[in-house]
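Database features, via TrEMBL:
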- 39-267: domain 'Radical SAM core' (DOMAIN)
- 54, 58, 61: [4Fe-4S] cluster binding site (BINDING)
- 98, 130, 190, 262: [2Fe-2S] cluster binding site (BINDING)
- 322-363: region 'Disordered' (REGION)
- 348-363: compositional bias 'Basic and acidic residues' (COMPBIAS)
Ligand code: SF4
């Protein structure tokens with residue numbers, strides 16, 4: 001029986017990642033079957049509730065205001081719009097809605113209140129609700145929990161070492177602090193990263209060390225392949241080879257046996273055979289819907305055809321953790337504290353980010 005371990009080292013993880021492919025697949029598939037039904041895949045729908053205009057400088061992201069990309073920004077969606085989208089997602093097999101807002105951090109006020117109302121609304125549709133809103137305080141995490149939030153997504157993105165080459169407007173420790181704030185509530189943690197940003201294998205292993213040594217480990221770990229978007233600092237990155245994705249998924253499965261490993265961005269570049277190998281290697285969650293925030297994703301009908309072909313079933317909501325209770329706003333015992341936490345702003349220069357910013361100014 002594989003146990004959850006919290007003392008993984010980078011060397012051990014690299015040894016797993018680099019072993020012969022057949023050995024890696026066999027080991028990962030065995031671990032997967034110990035903890036999960038291998039024929040069930042959890043389906044999430046990602047909804048961009050506030051797009052673009054973000055003040056951060058994440059080198060992979062087309063929503064950063066400082067780069068010139070083709071995305072169309074919008075203000076915070078209304079609750080009724082979100083409800084309609086959630087119902088559509090449920091009808092097409094999703095058990096979870098993940099709402100993303102392009103914010104640096106959550107601020108108490110009418111917009112956050114509106115998000116809390118979205119959380120209540122979706123929880124009442126008997127769907128798992130996840131949010132990804134940037135950095136947040138313990139009080140804000142508690143308020144989300146009280147509204148019925150099931151999961152909070154906050155990706156580590158990459159290793160602590162490489163983080164400095166991707167983002168200069170916040171630090172790795174801010175990510176860990178937010179995850180810790182979420183952990184103090186009863187909301188589950190979703191945290192993963194992106195491969196194909198020019199990182200070394202040591203960085204992929206370093207990110208997995210950071211995630212696997214959290215205690216408890218995140219309930220959900222998205223593994224993204226970079227989608228290189230024109231206008232971002234990473235526009236010229238080569239696509240991630242499918243074998244790297246399979247190795248990353250398998251290694252994640254082995255070091256975090258109970259976690260739902262989500263095959264996230266980059267699926268449009270993967271064949272069905274490639275995705276099937278990822279499922280065999282331990283991926284048991286996908287994002288459905290034709291857009292992932294702003295980047296393309298396979299059509300939901302295509303995914304359902306793939307499920308049929310592979311004999312996969314969508315996972316029902318709340319099989320891994322019970323449905324949270326929603327407390328109505330008027331019955332809330334928690335007050336907004338109006339805190340202004342000092343999240344880090346290292347501000348160092350990242351050459352490719354600077355170049356993309358200069359190019360945006362010229363266009
Ligand atoms: S990844 Fe999130 S925080 Fe970073 S620029 Fe994009 S929207 Fe902003």
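Backbone N, Cα and C atoms are what each Cβ position is placed from, and that goes for glycine too.
Just so you know, TrEMBL annotations are computer predictions that nobody has curated.
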Composition by DSSP (helix, strand, coil) of residues within the region 'Disordered' (322-363): 15 helix, 0 strand, 27 coil
Annotated binding-site residues 98, 130, 190, 262, filtered by Cβ under 6 Å to ligand 1: none
Euclidean distance between Cα atoms of residue 61 ([4Fe-4S] cluster binding site) and residue 190 ([2Fe-2S] cluster binding site), Å: 19
Sparsest Cβ surroundings (other CB atoms within 10 Å) among the binding-site residues 54, 61, 190: 54
Cβ-Cβ neighbours of residue 58 ([4Fe-4S] cluster binding site) (radius 10 Å): 23
Around the Cβ of residue 262 ([2Fe-2S] cluster binding site), the count of other Cβ atoms that are within 10 Å: 25
Tertiary neighbours of residue 98 ([2Fe-2S] cluster binding site) (same chain, Cβ under 8 Å, six or more apart): 44, 45, 46, 47, 130, 131, 132, 151, 153, 190, 287
Number of Cβ atoms other than its own within 10 Å, given for residue 130 ([2Fe-2S] cluster binding site): 25
Overall pLDDT for the domain 'Radical SAM core' (39-267), taken as the rounded mean: 95
Per DSSP, three-state class assigned to residue 61 ([4Fe-4S] cluster binding site): coil
Cα-to-Cα gap, residue 262 ([2Fe-2S] cluster binding site) vs residue 61 ([4Fe-4S] cluster binding site), nearest whole Å: 19
